[in-house]
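Annotated features, as they stand in Swiss-Prot:
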SIGNAL    1-17  signal peptide
DISULFID  CYS28-CYS89  disulfide bond
DISULFID  CYS44-CYS136  disulfide bond
BINDING   TYR45, GLY47, GLY49, ASP66  Ca(2+) binding site
DISULFID  CYS46-CYS62  disulfide bond
DISULFID  CYS61-CYS117  disulfide bond
ACT_SITE  HIS65  active site
DISULFID  CYS68-CYS110  disulfide bond
DISULFID  CYS78-CYS103  disulfide bond
DISULFID  CYS96-CYS108  disulfide bond
ACT_SITE  ASP111  active site
Amino acid sequence: AVCVSLLGASSIRPLPLHLGQFNNMIKCTIPGSTPWWDFSDYGCYCGYGGSGTPVDQLDRCCQTHDNCYTEAQKFSGCSPYTRKYSYECSEGTLTCKSDNDECAAFVCNCDRSAAICFARAPYNSNNVDIDLEAHCQ
C-alpha cells in the first residue's frame, strides 16, 4: 500500500469522514455547487462551531443543522460527524434509505433537510468570512 500525504498541498480543509456524504447531498440539491468551498465559512453557523444570531436564511439552515447534530448525539454511540448512512439522489431529490439504523437515519435526515434548506435559501457573498466577533455575539 502506498500512502501519499497532501497536507499543505491545498488550502481546502479535508472533509471529516461522513461530511463527504453531506457535501454530495448539497451537490444533489444545488447542481454545480462546491459546497465545502461555498458554505464552510458562511455567516455565524456554516462551518466549524456557531454562535449568536444567524445573519440570514442560509445561516439559519446551518444553525438548524448544528442543532440537529446535537440531537443526534443523544442516541447512544451516535457521532453525526463520522456516521455514514445510505441515501439516494435522483434528479435533485434526496431520499434516506430504509436500511439505515436509528442513528444513521437521524443523521441522514439532518443532512437531507439542510441540503434542501440550502437550495431554497439565497446566497449572499457578503456573508462569507465575516467578522464573527462583530456579527455573531
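Numbers run from 1 along the shown chain.
Yeah, the Cβs are placed from backbone N, Cα and C, and that goes for glycine too.
Location within the structure of each feature annotated in Swiss-Prot.
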residue: TYR45; record: Ca(2+) binding site; Cβ within 10 Å: 24
residue: CYS46; record: disulfide bond; Cβ within 10 Å: 25
residue: ASP66; record: Ca(2+) binding site; Cβ within 10 Å: 16
residue: CYS68; record: disulfide bond; Cβ within 10 Å: 17
residue: CYS89; record: disulfide bond; Cβ within 10 Å: 16
residue: CYS96; record: disulfide bond; Cβ within 10 Å: 21
residue: CYS103; record: disulfide bond; Cβ within 10 Å: 19
residue: CYS108; record: disulfide bond; Cβ within 10 Å: 26
residue: CYS110; record: disulfide bond; Cβ within 10 Å: 24
residue: CYS136; record: disulfide bond; Cβ within 10 Å: 18
Neighbour-count leader, CB within 10 A, binding-site residues: GLY47, GLY49: GLY47
Among all protein chains shown, how many Cβ atoms are found within 10 Å of the Cβ of CYS62 (disulfide bond), not counting that one? 22
Taking Cα-Cα distance, which of the disulfide-bonded residues CYS44, CYS89, CYS96, CYS117, CYS136 are within 10 Å of ASP66 (Ca(2+) binding site)? none
Rounded to an integer, what is the Cα-Cα distance in Å between HIS65 (active site) and ASP111 (active site)? 7
Could you tell me the C-alpha distance between CYS136 (disulfide bond) and ASP111 (active site) in angstrom, no decimals? 23
